[in-house]
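Reading through the structure tokens given below for one structure.
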Ligand code: GDP
């Protein structure tokens, strides 16, 4: 799937850079362009693609300091500048736009949903979000920002792929120290997904194309991306169990949003040497995904790669019912309630789109 990436805020810019690097390193060519947008000049300095500094009139290139309402405001005022940078980059070949942002801060948290809304208004291609949830032990400002951004971003984008910063954290590792590792994990998942939709026709038996990604995300809302890999035996027949167990791991332990397995739709991509991918294994793995997600809309396909390993990438669409998401929303709503010091409103949000969290825009 030929994609244009727009990284908003610090985390958005860094993750976008990682996505660009991964796509280049692997020689996939699915990422057709990238732009970084920020209110903080310093965070744009190291990005190896075009950047737009917004809100100079308000914050003088110093960033919005975690104020996501200000982040949303600045983006509203400067959307036109950002859109002008995109002109000519969104060519006929581009099949989707991804707006990438950390949801806990200010610029990305507030700006990404506004930008997604404007992009969806102007362009015909789907506009997806790739959003990062703050870890459990980040402060309450991050939780509230992310709760409000999540709700607004999911509404404005065609779908929002979520990454929980706690998902890829090694035991005992500090969150900040782990950001680069988290970004690499995300880049691998998203990079393989996008590249799978780019496969040359006729190479594999049943290759994936971009419309399968679009259809899997069609119900909108929240999505998650899982990945796992294992050594492959040279003969396809010996890899049946490997494909099934790798798929299981991708969903159960390798997901960007752990425990989000109740889904509206899913796409299973099995990547590896075409001679080593067993049809029977792919079919069994697809059945397993159907049972695990409770969805009858499970698509499947191969991603032919020359590798001694087999990998499973699983895109789950419509996972808002997940417990993990609920517990995040509860955390964010409680943090907002205590910020408002409204003790009487003790009933935490029951739905991800709950009115307990104020809309950002
Ligand atoms: P902004 O520049 O105002 O949009 O704020 P940030 O992008 O720094 O957002 C802060 C949030 O993003 C916090 O929840 C951080 O945990 C998270 N974050 C910051 N940098 C990174 C990063 O490189 N990777 C990941 N995964 N999360 C990050």
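Using the three backbone atoms N, Cα and C, a Cβ is placed for every residue, glycine included.
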According to TrEMBL, which candidate in 24, 165 joins 10, 11, 12, 13, 14, 106, 107, 108, 138, 183 at the GTP site: 165
Among 10, 107, 183, the most crowded of the binding-site residues [Cβ within 10 Å]: 107
For residue 138 (GTP binding site): DSSP state (helix, strand, coil): coil
CB contacts for residue 12 (GTP binding site) [other CB atoms within 10 A, all chains]: 30
CB within-chain contacts under 8 A for residue 14 (GTP binding site), separation at least 6: 7, 179, 183
